[in-house]
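**Q** Residues or ranges marked as domain 'HPt' by TrEMBL: 33-132. Sequence annotations record features per position, and here TrEMBL assigns phosphohistidine to His74. Under the heading coiled coil, TrEMBL lists 104-131.
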Amino acid sequence: MERQAAYLRNALFDQGYLDEQFLQLEDLQDEANPHFVEEVVKLFYTDSVRLIQSIELTLKNTPWDFEKLDNIMHQFKGSSSSIGAKKVKKECSQFQEYCNVGNVEGCIREFQEVKQEHAALKRKLENYFQLAREAR
């Protein structure tokens, strides 16, 4: 079970889902707080739901407020970066580039990519954390 958890964890790095920031979070985890990383990731997902909803609402309103969209996505990118969500962060940056040039079609398309990477990472991390708990 431990080997499976380690394999899953390594795959998240090998497939580009996570970066070194996740390792730094793991370094902060200790016997006094053995679920620290999982708790931080749960907080990220709770907060990101709010940010996704804000972006969805802003995209529904015309004229489009690209500055507001960029600001919300900036928060989302920062949160993603804080847990080491490499692919999510990359898609957030691409969304911001579309905001900077006022490309609403690009924003809408890229927002779907952000949500897709966000959901994929959530599933993968949930599987990893479950295996890691069972291995203890």
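Glycine residues also receive a Cβ, built from the backbone N, Cα and C atoms like all the rest.
Set these features in their place in the structure for me.
**A** All protein chains included, His74 (phosphohistidine) registers 16 other Cβ atoms within 10 Å of its own Cβ.
The average per-residue pLDDT of the prediction over the coiled coil (104-131) is 97, rounded to a whole number.
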**Q** Which numbers of helix, strand and coil residues does DSSP report for the domain 'HPt' (33-132)?
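**A** Per-class counts: 87 helix, 2 strand, 11 coil.
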